Amino acid sequence: MTRKARRCLGHLFLSLGIVYLRIGGFSSVVALGASIICNKIPGLAPRQRAICQSRPDAIIVIGEGSQMGLDECQFQFRNGRWNCSALGERTVFGKELKVGSREAAFTYAIIAAGVAHAITAACTQGNLSDCGCDKEKQGQYHRDEGWKWGGCSADIRYGIGFAKVFVDAREIKQNARTLMNLHNNEAGRKILEENMKLECKCHGVSGSCTTKTCWTTLPQFRELGYVLKDKYNEAVHVEPVRASRNKRPTFLKIKKPLSYRKPMDTDLVYIEKSPNYCEEDPVTGSVGTQGRACNKTAPQASGCDLMCCGRGYNTHQYARVWQCNCKFHWCCYVKCNTCSERTEMYTCK
């Protein structure tokens, strides 16, 4: 582990008041005043604080899963006006967009998937109490397919169930945005479940495959990022439906006249159109594109014309000098030339 990574983990544990101990390949977590510490973590709902106090080891994993989701979000949108950033108060799930847009839909889905992925992985690795390998995928023989369960299958049902209880608990209000958030949370988890992998190993004499054992594994999170980015591009505009006047919304339907069709379980849904993300706006949570690096010649979203929203861009020139064309001379010294290069960088005004 790099020094920077160790420092980041240290800050995380200290901020939560948690001592992380690794004993014999397993991890145990000792909370130092969990009640006090959990009450200081910003943005937690009462149910989430209760889970934090009872399962501080799981809170560390939840934080790692949330960060994994945010990192993937930033990767997928690194070349767009919106780069997975937002204004507002920081929570355990990062800063949140205030409008119910496509971007908010993606954020909720990728974080929900990240938390479920991290919990499931921690169970498989033996780093969490009360969970482990999937007990239902052990020893059963699938005669038609010629293999049986073996190894340690990832218990995705436990991971999704635990993540659902924690992540969904922040949705306290009963309004259209809550319905949207809960739908996108579920979509992220369901897409994770649908992309689980089956790995197998052959057993037999001289490389034959007389018997085969198989187990389920988690997909690479980057794969989920690409799947969810496609879902973002095809996100469905929805609106709330109320059972009667003056009642809270009960479900979401696709926003089309004379239609009550509900979105698919794995659709990302949004209730408001996206802002253009050109300017900083506390109302929407947009941080704007001022100061963002752009590509002068690119025609797509990362190009300066689109990224800078017509405001123009600044040009920064840099000189890089290094030793090059080095040769060894007998005996015994090395002679190098000095090479230099001028580069330009462009940032939005």
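Glycine is no exception: its Cβ is also placed from the backbone N, Cα and C atoms.
Here is what Swiss-Prot says about this protein:
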- Cys73-Cys84: disulfide bond (DISULFID)
- Cys123-Cys131: disulfide bond (DISULFID)
- Cys133-Cys152: disulfide bond (DISULFID)
- Cys200-Cys214: disulfide bond (DISULFID)
- Cys202-Cys209: disulfide bond (DISULFID)
- Cys278-Cys309: disulfide bond (DISULFID)
- Cys294-Cys304: disulfide bond (DISULFID)
- Cys308-Cys348: disulfide bond (DISULFID)
- Cys324-Cys339: disulfide bond (DISULFID)
- Cys326-Cys336: disulfide bond (DISULFID)
- Cys331-Cys332: disulfide bond (DISULFID)
- Asn83: N-linked glycosylation site (CARBOHYD)
- Asn127: N-linked glycosylation site (CARBOHYD)
- Asn295: N-linked glycosylation site (CARBOHYD)
- Ser206: O-palmitoleoyl serine (LIPID)
- 238-266: region 'Disordered linker' (REGION)
- 1-31: signal peptide (SIGNAL)
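Feature map: Swiss-Prot annotations on the structure.
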residue : record                : DSSP class
Cys73   : disulfide bond        : helix
Cys84   : disulfide bond        : coil
Cys152  : disulfide bond        : coil
Cys200  : disulfide bond        : strand
Ser206  : O-palmitoleoyl serine : helix
Cys214  : disulfide bond        : strand
Cys304  : disulfide bond        : helix
Cys339  : disulfide bond        : strand
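Of all the disulfide-bonded residues listed (Cys152, Cys336), Cys152 sits in the most crowded Cβ setting, with the most other Cβ atoms within 10 Å. Taking each Cβ in turn and tallying the other Cβ atoms within 10 Å, the top scorer among the disulfide-bonded residues Cys123, Cys278, Cys309, Cys339 is Cys123. Taking each Cβ in turn and tallying the other Cβ atoms within 10 Å, the top scorer among the disulfide-bonded residues Cys73, Cys133, Cys332, Cys348 is Cys73.
With DSSP states grouped into helix (H, G, I), strand (E, B) and coil, the region 'Disordered linker' (238-266) comes out at 0 helix, 11 strand, 18 coil. For the disulfide-bonded residues Cys133, Cys294, Cys308, Cys336, a Cα to Cα distance of within 10 angstroms from Cys324 (disulfide bond) holds for Cys336. Annotation for Asn83 (N-linked glycosylation site): same-chain Cβ neighbours under 8 Å, separated by at least 6 residues, are Gln74, Phe77, Arg292. Separating the Cα atoms of Cys131 (disulfide bond) and Cys152 (disulfide bond) is a whole-number distance of 12 Å.
Annotation for the recorded positions Asn127, Ser206, Asn295: lowest Cβ count within 10 Å of the residue's own Cβ, Ser206. Nearest by CA distance to Cys309 (disulfide bond), out of the disulfide-bonded residues Cys332, Cys339, Cys348, is Cys348. In this structure the alpha carbons, written CA, of Cys336 (disulfide bond) and Cys214 (disulfide bond) are 56 Å apart.
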